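According to Swiss-Prot, the ATP binding site annotation covers Gly38, Ala39, Thr40, Gly41, Thr42, Gly43, Lys44, Thr45, on the basis of sequence analysis. Taken from Swiss-Prot, the feature domain 'Helicase ATP-binding' covers 25-190, and the record attributes it to sequence analysis. Per Swiss-Prot, domain 'Helicase C-terminal' is recorded for 429-591, and the stated evidence type is sequence analysis. Taken from Swiss-Prot, the feature domain 'UVR' applies to 639-674. Sequence annotations record features per position, and here Swiss-Prot assigns motif 'Beta-hairpin' to 91-114.
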Amino acid sequence: MPKYHLKAPYSPKGDQPTAIARLVEGVNQGQRYQTLLGATGTGKTFTIANLIAQTGRPALVLAHNKTLAAQLCNEFREFFPDNSVEYFISYYDYYQPEAYVPVSDTYIAKTASINEEIDMLRHSATRSLFERNDVIVVASISCIYGLGIPSEYLKAAVKFKVGETLNLRSSLRELVDNQYSRNDFDITRGRFRVRGDVLEIGPAYEDRLVRIELFGDEVEAIRYLDPTTGEILQSLEAINIYPAKHFVTPKERLNVAVQAIRDELRERLQVLNEQGKLLEAQRLEQRTAYDLEMLREVGYCNGVENYARHLAGRSAGTPPECLIDYFPDDWLLVVDESHVTCSQLKAMYNGDQARKKVLIEHGFRLPSAADNRPLKSEEFWRKARQTVFVSATPGDWELTQSDGQLAEQVIRPTGVLDPLVEVRPTQGQVDDLLAEIRIRAKKQERVLITTLTKRMAEDLTDYLAENDVRVRYLHSEIHSIERIEIIQDLRLGEYDVLVGVNLLREGLDLPEVSLVVILDADKEGFLRAERSLIQTIGRAARHVDGMALLYADNLTDSMARAISETERRREIQKAYNELNGIVPRPAGKRASNSILSFLELSRRLQTDGKDADLVQITGRAVDALDSDQDSGLALDALPELIDQLETKMKEAAKNLNFEEAASLRDRIKKFRQKLIRNT
């Protein structure tokens, strides 16, 4: 059993010990499905961390978006600093899939921008699954897409061991076959160079270099190096260098795949010609012939993923292998915010197939392109082993699958009760709301307001701003990482009120919010259903004086059930506090998200400084750094500033400007020390 070392400054409290014990017992007894029904702020992540530590299973934690996945990954890394906690999301900064619009005869080619840092994290996850058993992978729903063939990926790894004889030419050929490229001047991820008896490799899964030192034909030493300074970081006895891409196709299989593609093309052309679709047949023949030529010559072509079924040797209709297939047999699945995530799993396949069907019908792709797809919902659950659903409002499907295997977690370790819920009439609601906002603002507390329409949210935001309220408006067009920045500004007190159409956002931690306002609460629909109301009310559940105001003229069934459930939990919490002499206290979580800061910084640096907001922020910071007047810099800004200075330092070193690089190094050291002292 792998040894997880759970480190936390506190122990399980309230009903956490009972929930942990029940879940651990269920896993050990082989229960297929269980549900953790945990109210907002009760420490569900800590409970799951204890479950993983006590069962010792490799775990996949599935979240419904990359924002929540990053938040969970940060928390698990704090709980398990000595274990492998990995982050696996889609590596596209921008993605426009291939499509065809028959009405306007418009073909849209695939365009994408890959984030190299996310790609590195994805490779790090699969490498850890091959080499360790104490692995927790926090992933978004993108993990159900094809990810090569695990057995081929493992078999293709180039192995080096101290003392063994090495055929350097053969090893270099293997690296090239594994999508590494030779560059003797600028070595980064996915590249290698040879200097005399020294081979240096930039592995796809980390930012350190690997140096293989030879004495004749014998491997004399294997070392990890700092890519900028060349400093030796660690010596190794052996190492596996995994492919630079997850899709690895041996030459013999490639030849078989090319023949299979040619056979399918011949059959498809016959069908199209019989249907009188001569234009489509000509288009398909030209495109596929070009792709086949590229595959034969260089082993790659644009849109190669559309031939994934042939390259993997799969039969028609069979599911692709994905991240799940890299896990060992005894892995554990945790589905966070399962009432949303499980629904996403069902929707992914249908959306993908609708687009592919049009491309196939009009001669842009072979029918086998439809098998380059995400898993169907039923395929995913067949692959899944033991599963724990986690939600404050689990869906009916999860509860049915769990069949009574339910662990409820209602009591917060902080002693904070569920919010008071009050229903008020809509007449005069805006003036009443304005008065409530002013009360909270004086106490430096925050307010969330959720409306039914975008227009209503815009009008309300304008009205509040005209009345000297510090307010921001959150809408669907805002980039997910910019959204995090807006929420962090709310937490840091840059403004007092956040208005939006859908602010329930499962898993969002906002301890500063003391008031949640739901306008038009009696308008039945998705945004005012029982689960949505409970989730929205829960945004104030981390504040000692949390309150939810529902403006409505009628009491709907959804409202009644949501209010009843909130009151039930509140009574349980109050009774527990009185019995144990607990006084509610604030949660006090820091407003930070290191993974998102890291990824966003990378994305913006790749725009070559075109992002005005970044220039404005970093300009002030660099001025402060240059003048050594750093006392006014916020702690939350330091990780981003350090990352920027490291980039500048590496560029200076690359340009042989060593004095500037040394100066930047000293500043980085100073800011790291400040960060350590204050965290």
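From the backbone N, Cα and C atoms, a Cβ is placed for every residue, glycine too.
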Please give the sequence-distant neighbours of the motif 'Beta-hairpin' (91-114): residues at least 6 beyond its ends with Cβ less than 8 Å from one of its Cβ atoms.
122, 302-303, 355, 358-359, 362, 364-365, 603, 606
So what pLDDT does the domain 'Helicase C-terminal' (429-591) average out to?
88
So, by DSSP, how many helix, strand and coil residues make up the motif 'Beta-hairpin' (91-114)?
0 helix, 15 strand, 9 coil
Hey, of the binding-site residues listed (Gly38, Thr45), which one tops the CB count within 10 A?
Gly38
Starting from the Cβ centroid of Gly38, Ala39, Thr40, Gly41, Thr42, Gly43, Lys44, Thr45, which together make up the recorded ATP site, report each further residue of the same chain whose Cβ lies within 8 Å of that point, ordered by sequence.
Thr47, Ala392, Gln409, Arg412
Counting across all protein chains shown, how many other Cβ atoms sit within 10 Å of the Cβ of Ala39 (ATP binding site)?
25
Can you check which residues sit near Thr40 (ATP binding site), meaning Cβ under 8 Å from its Cβ, same chain, 6 or more apart in sequence, and list them in order?
Ala392, Gln535, Gly538, Arg539, Ala541, Arg542
Most Cβ neighbours within 10 Å: which of the binding-site residues Thr42, Gly43 is it?
Thr42
